[in-house]
Amino acid sequence: MAERPEDLNLPNAVVTRIIKDAIPENVNISKEARLAISKAASVFVLYATSCSNNFAVKSKRKTINAQDVINAMEDMEFEQFMEPLKKCLEGTQN
Amino acid sequence: MSDVETQSQELQSQESEKQAANDNEKLFRLPLSRIKSIMKSDPDVTLASQEAVITLAKATELFIHSLSKDAVISTLNSKRKTLQRKDLDSMLDTKDCYVFLEGTLDS
C-alpha cells in the first residue's frame, strides 16, 4: 500500500512535455516548479475522483463513468474542461 | 558542480524527448495505470469504467496545461526566463479554482 505521495506521482517526462507545450519556447522550468506541478496534478486526480464518485453515488451507481468525471469538472470550477472532454469522449464512441 | 552536469543532461534529454513527442503523439498521454492507481487509493471508490479513467487522464493533461499557462504569466511579468516555484505559488493564491491545492504542495 503506497503511503508515500511519490508513488502516486505521474511520470516526469510526460508532465514536462505538457508543461513545455503550454509555455513559450524560450521559457524554461525549474526542477522545483516541475515537481510542484506534477504533485498538483496527482492531487487533481484525487480530488476529481472524489467529486466524480459523488456523482456516481448520487445516481445510485457503484461504477464511476465518464459523464461523472465531466460533471465533476463543473463542480471543481473547471467548466472550461467540459467541452474538450465531451468532444474527446464522442470521438472514442464513434 | 554536479548540478550543472545534471542540468545540461536534462536539457539534452528534453530536446530528444521533444523529437520523440513529435514522432509519436501517444507519448503525450499520462499512463492510464497510474491514473487508475490514484483513483483506487480513494477508499470510497468501488469501480471506475475505462472511459472514466481515460476522461480523467485527459482532464489531468488539461489541468497541467492550464496550470502552466497561468503560472508563466507571472514569470513573464517578472521578466524572467525560468518558470519557478514562486510563479506557481503566486498564481495559486490568486485563482479560486486552484484553492483545493492549498497546503498539498509543501513537501
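The chain as shown is numbered from 1 upward.
Any Cβ shown, glycine's included, is placed from N, Cα and C.
All TrEMBL annotations are machine predictions without curation.
Residues or ranges marked as compositional bias 'Basic and acidic residues' by TrEMBL: B:15-25. Per TrEMBL, domain 'Transcription factor CBF/NF-Y/archaeal histone' is recorded for B:29-90. The annotation region 'Disordered' is assigned in TrEMBL to B:1-25.
Counting residue by residue with DSSP, the domain 'Transcription factor CBF/NF-Y/archaeal histone' (B:29-90) contains 43 helix, 4 strand, 15 coil. Model confidence over the domain 'Transcription factor CBF/NF-Y/archaeal histone' (B:29-90) is summarised by a mean pLDDT of 96.
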